[in-house]
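> Structure below; questions to follow.
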């Protein structure tokens with residue numbers, strides 16, 4: 001402890017000596033500036049025209065309201081400029097406020113305490129390939145970007161994880177001389193965290209190493225295998241890929257693959273054309289090299305075999321000749337053969353064997369022919385022993401049975417050169433002689449995509465063999481320890497005798513620690529894991545030293561910020577409450593403090609007690625007064641000139657922002673003004689329309705509004721004066737004048753119609769016996785005996801009372817209800833109709849009118865007449 005105190009004292013003395021050589025400047029954080037001497041190099045220098053003293057800005061957020069006044073004026077000056085130190089280049093623009101002055105993603109290392117001395121910036125890597133986990137760093141203080149953590153190893157080889165800036169490495173709980181080894185650096189924005197083959201970037205995504213993929217870089221891309229995701233071998237079409245794959249080539253790439261040009265028994269050329277094997281041609285289904293050419297037939301084994309000599313076309317399966325060459329005839333005993341024409345001379349004598357007829361004389365055949373039809377080598381009908389028929393010629397065969405100049409095999413039974421087996425490009429018969437049979441032939445070459453196995457061409461090598469990489473065509477047997485292998489005879493994919501195949505192709509009885517057993521194989525764990533229960537990165541059982549934290553099956557490089565890794569329990573434990581990050585459980589093992597009023601001293605968080613009421617700078621963990629040594633100011637000897645404005649709070653001349661209720665009142669006022677303007681416009685429009693209406697009415701003499709008395713009466717709502725004082729006069733608005741006139745016309749017309757109807761009905765009216773009687777029936781038909789030309793009136797008529805009123809004529813009832821008495825007791829005279837009826841009634845009684853056809857007759861309408869028709873007129 002004494003040694004640590006001495007080291008601290010020495011550091012302070014060094015700082016004082018350095019301060020003596022430093023320049024006087026103004027150092028600012030948001031809300032506070034201090035004038036004094038400093039040698040810090042962190043942050044940016046703010047300068048502006050008209051300001052003699054530049055400001056040294058420390059990390060923080062600066063906006064247009066930031067105090068003091070000098071800082072505000074320089075920030076908002078049009079000539080303001082920033083000169084950033086290493087690591088602060090991303091905060092070099094003042095084009096808009098607020099200004100976020102902070103370390104770029106990564107950290108800046110300083111050669112001296114308290115962020116002074118030379119600075120070196122270490123950027124957060126964008127990919128694993130840009131990061132080295134063994135970088136040496138010399139730093140006495142470290143400024144760390146937000147949302148970033150770094151893992152370092154100091155002199156004691158302890159692995160420390162830093163989440164916040166370190167103003168003085170000598171105050172850490174573990175001794176350090178300032179020499180570090182950078183182990184890891186990540187952003188904290190990725191969730192879930194990246195695997196060991198990914199780097200968490202500042203954007204919150206995992207940047208993967210080459211060959212890796214997945215949201216956490218936990219898998220290999222297709223065509224890559226193993227813990228390092230190595231690319232599969234060249235020329236390998238399909239390999240055992242994946243994070244737990246072995247990289248063994250399971251199938252090779254095929255050059256000129258027949259399937260690439262729709263070719264069945266041939267090979268594809270570079271131009272995409274198909275070259276068929278002998279005897280093959282385009283099939284009926286359109287597939288190239290899928291049918292037998294003329295002169296060949298399809299055997300029961302799926303091969304195109306040559307027809308016998310003299311046969312142009314023969315049947316599939318049996319080989320029976322369907323058509324013979326010109327002059328040849330089918331052999332009656334053997335339908336597969338065609339007999340050559342007999343050779344006779346001019347006398348009809350048969351030419352000897354080995355001769356032919358040439359213009360009536362027998363001549364010798366070519367030396368290669370046994371029999372012939374002409375003198376050239378192309379006219380052979382059969383060949384001598386040891387030679388074989390081929391397209392009319394006889395050729396010899398080598399010691400391997402291959403016909404001279406071809407890839408065909410000699411068939412001693414047919415005496416012809418025939419094709420090799422299916423998919424074979426070449427074949428041979430070992431120790432060939434005239435006694436060799438064609439069934440002894442073995443393939444020596446195959447079309448692309450097929451492989452030689454026991455003298456035959458197969459599409460894949462049988463179990464227990466592998467494709468020899470020497471020629472990528474021959475199937476070679478595996479070692480006896482392997483049930484299957486690839487690449488070499490001893491590289492086992494599966495093992496015999498219930499043994500387990502490891503990733504390197506060995507057969508073992510139990511899997512190594514970094515693998516697990518599955519389906520007879522030892523599957524390698526994910527590279528994040530030390531041991532595992534499965535191949536996924538979240539199936540770890542224990543963790544390696546560089547990713548020691550086991551959490552929910554994953555191995556992580558660090559615990560959370562407020563935890564430390566306990567090696568004894570292999571788990572994360574909480575820090576002391578005074579620590580925001582730590583290396584152990586004690587209060588003296590803090591790496592940073594949780595309280596904004598505390599600073600780190602020898603691993604413990606203590607009260608800052610900053611000089612001159614300065615505050616602890618957020619994110620830097622140090623008092624502002626520690627970074628700046630104040631000096632006397634003024635005009636006296638030994639003092640420095642005072643910089644004005646560093647103690648004045650910011651006064652902003654711009655107007656305050658409007659409150660919500662002020663905005664609401666303004667909106668309502670605008671709406672009221674708009675309504676008033678609208679009402680005035682409508683009033684103007686109505687007056688204009690009224691003037692036009694009055695002008696029209698005056699021209700048509702339709703309205704007269706009277707004099708000033710009428711206007712005064714209308715104003716007070718009273719009536720006019722004079723003889724018609726009881727009749728009120730109402731003002732009619734010009735807007736509804738047309739409707740009013742139409743209503744008056746309709747009322748006038750209705751009154752006229754009612755008056756005409758009354759005069760019409762009065763002609764038929766009889767004196768009623770009482771005033772309640774409304775009308776009576778017409779007397780026209782009763783008197784004349786003729787029907788009316790108009791319909792009878794359908795007015796309801798009350799029956800006459802059976803008895804007269806029992807009251808005297810002097811009573812109101814008797815007087816008002818008398819039939820013949822007037823309104824004042826006088827007798828009423830007869831009407832013209834009544835007088836006419838009384839005069840003609842006696843005559844009608846003496847000679848009543850005879851009923852005519854127009855009279856109605858009562859008749860039973862339910863029956864039928866003589867004609868059978870219904871008497872009901874509605875049913876006729």
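Cβ coordinates are placed from backbone N, Cα and C, and glycine is handled just like the others.
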> TrEMBL tags one of 616-637, 638-659, 660-681 as transmembrane segment - which one?
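Residues 660-681 are the ones TrEMBL records as transmembrane segment.
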> Determine how many residues of the domain 'EGF-like' (186-218) DSSP places in helix, in strand and in coil.
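The composition, in the requested order, is 0 helix, 10 strand, 23 coil.
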> Go through 190, 200, 208, 217, the listed disulfide-bonded residues, and name the one with the sparsest Cβ surroundings, counting other Cβ atoms within 10 Å.
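Taking 190, 200, 208, 217 as the disulfide-bonded residues, the minimal 10 Å Cβ count falls on 190.
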> Could you state the whole-number distance in Å separating the C-alpha atoms of residue 190 (disulfide bond) and residue 217 (disulfide bond)?
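Distance between the two Cα atoms comes out at 12 Å.
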> What's the CA to CA span in angstrom from residue 208 (disulfide bond) over to residue 200 (disulfide bond)?
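Taking the Cα atoms only, residue 208 (disulfide bond) lies 9 Å from residue 200 (disulfide bond).
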> Between residue 200 (disulfide bond) and residue 217 (disulfide bond), find the distance joining the two CA atoms and give it rounded to the nearest Å.
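Their Cα atoms are separated by 10 Å.
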